[in-house]
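Asks: Sharing a structure below in structure tokens format, with a few things to ask.
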Amino acid sequence: MDLEEAYQVVGEFGRHQKRMITILVLLQIYMACQTMLIILVGAVPEYHIEPVTGDLDDDITQRVKFTEDISSIVTEWYLIKHEAYKVNLAGSLFFAGVLIGNVLFGPLSDKIGRKPVFLTGLFFEVLFGYGTALAPSYVVFAVSRLLVGMMNGGMALVCFVLTQEYVGKSYWAMTGTLTNMTFAVGIALFAALGYYVQPWRNLATAANCPGLLLFLFCVTLPESPRWLYSRGQTEKAEDILKDFAVRNGKGRIPVKLRRTVSTCSPDASSPGVFQLITHPILRWRTVVLMYVWYSCSLVYYGLTLIASEDKGNRYLSVAMYGLVELPAYPLCMYFINKQWAGRRKSMANFLTFAGVSCLLTMFVPVSGTLISATSLALLGKLMVSAAFNIAYVYTSELYPTVIRNAGLGVCSMSCRVGGILAPFVPSMKSLHTSMPFMVFCLSGISAGCLGLLLPETLNKPAAETLDELSSPTYQRILQPQVHLLEEKHLIDHNGADSD
């Protein structure tokens with residue numbers, strides 16, 4: 001039997017898989033806290049600076065008076081005026097670390113396995129997270145955020161892949177959506193935690209503690225049977241699938257997986273990141289997906305960071321920008337499973353609507369009315385959250401198992417470039433109040449248009465190997481939805497080989 005048939009026999013989403021997915025999904029709350037930590041830990045209170053007098057020297061720490069009772073790295077290390085950039089820098093360093101983690105750990109998990117890379121990343125993220133809370137200076141704080149980001153980038157990517165590979169393909173959209181929905185809930189819970197635990201060091205410690213508990217649960221998780229199968233370790237994959245059957249209450253079921261040409265040798269080398277450039281089909285998919293992920297990240301995190309600058313209750317604003325995502329996920333589940341919408345059109349439309357929402361903020365009052373800049377920004381956050389969720393699920397389906405983590409890693413890498421730039425976009429208000437939203441508008445609309453170049457994957461089988469992706473049989477299955485550009489490059493590549 002092939003792998004999908006095996007999942008149908010042992011249970012595509014049985015009670016054992018539900019327990020494993022629950023652990024991985026709850027981990028999203030911890031990751032949301034770490035990702036959004038700088039929003040509250042780096043909060044800038046109102047302040048005024050007393051003029052220089054005979055009693056006061058030119059030392060700004062002696063002259064600044066904070067008028068809000070807020071504990072943050074700003075108040076502890078006086079990150080104002082010419083030092084203010086350090087707050088955004090700390091946020092960008094986190095995403096720079098995530099980018100490095102994607103580059104290092106994504107391909108590594110395709111070569112040595114999902115579980116060891118996942119557990120290593122989670123362990124050190126928790127360790128460096130405590131380093132953030134205990135940092136004696138800004139430099140140590142900034143370095144710890146970079147290291148936390150590196151571990152987060154490696155661990156989060158593999159975590160998402162595991163939520164897909166533990167279950168049958170028909171449940172990928174659901175587990176992917178559940179994962180991203182929990183991240184949104186995590187943002188709101190982090191805002192609530194920040195409200196009750198306001199000293200920034202205590203907040204950083206409290207936000208990090210769940211990671212330690214979840215690590216102990218994650219140690220019990222098995223290796224991905226899909227990864228084992230793609231690497232030719234068929235017997236180990238069969239053993240794990242048999243264990244799934246037992247734990248799902250189906251008893252001891254014989255599982256015998258079909259050996260394919262590409263997986264017959266356990267010692268066969270795994271395709272690397274270079275294949276994303278040289279393979280004629282994957283090359284164009286990767287280019288488009290990288291820009292889509294970059295735009296999703298820039299708009300998503302940019303709008304969330306703007307929440308911390310809203311006048312009024314800072315904690316309520318952050319919570320609203322998290323909770324507003326929740327309606328996006330039922331919308332995703334509805335549209336991406338409809339034949340007339342699917343993955344491709346749904347993602348493109350949500351991105352376009354996010355861009356249009358940001359565009360309209362420039363023509364309405366900031367607040368005070370039903371249709372205001374704030375409400376349209378929230379609508380934009382909802383739309384880009386839906387697009388981001390689809391991008392995760394869609395990208396997993398577009399890459400074969402043997403290179404899925406590398407593909408997700410490269411896309412996530414470009415995503416983090418958007419995250420690195422996002423903290424600085426709100427500061428563009430100094431040029432013009434509408435400038436940040438113009439950036440978000442252009443990014444969303446352009447990414448939506450490019451997304452239409454990708455093939456549809458709804459109700460199509462997932463490729464396990466590169467040979468399967470390029471096979472005529474697989475191409476005939478995708479033929480009704482394959483874009484002409486992708487076909488052309490496959491033909492050109494085959495023609496070059498024959499020459």
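Glycine is no exception: its Cβ is also placed from the backbone N, Cα and C atoms.
Unlike curated records, TrEMBL annotations are generated automatically.
Quick paste from TrEMBL:
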DOMAIN    21-459  domain 'Major facilitator superfamily (MFS) profile'
TRANSMEM  21-44  transmembrane segment
TRANSMEM  87-105  transmembrane segment
TRANSMEM  117-140  transmembrane segment
TRANSMEM  146-166  transmembrane segment
TRANSMEM  178-197  transmembrane segment
TRANSMEM  284-303  transmembrane segment
TRANSMEM  315-336  transmembrane segment
TRANSMEM  348-367  transmembrane segment
TRANSMEM  373-394  transmembrane segment
TRANSMEM  406-425  transmembrane segment
TRANSMEM  437-454  transmembrane segment
Asks: At least three Cβ pairs under 8 Å linking the transmembrane segment (373-394) and the transmembrane segment (178-197), pairs spaced 6 or more in sequence?
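Replies: These two stretches do touch.
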Asks: Which listed range (21-44, 87-105, 178-197, 348-367) shows the maximal number of Cβ pairs under 8 Å with respect to the transmembrane segment (406-425)?
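Replies: Most Cβ pairs under 8 Å with the transmembrane segment (406-425) come from 87-105.
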Asks: Are the transmembrane segment (284-303) and the transmembrane segment (437-454) near each other by the rule of at least 3 C-beta pairs under 8 angstroms (pairs 6 or more apart)?
Replies: yes
Asks: Please tell me whether the transmembrane segment (21-44) and the transmembrane segment (284-303) touch - that is, whether there are at least 3 C-beta pairs under 8 Å between them, with each pair 6 or more apart in sequence.
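Replies: Answer no, regions not in contact.
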Asks: Restricting to the domain 'Major facilitator superfamily (MFS) profile' (21-459), what is the model's mean pLDDT?
Replies: 87
Asks: Quick one: do the transmembrane segment (146-166) and the transmembrane segment (87-105) reach 3+ CB pairs under 8 Å, ignoring pairs fewer than 6 apart in sequence?
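Replies: Contact confirmed: at least 3 Cβ pairs fall under 8 Å.
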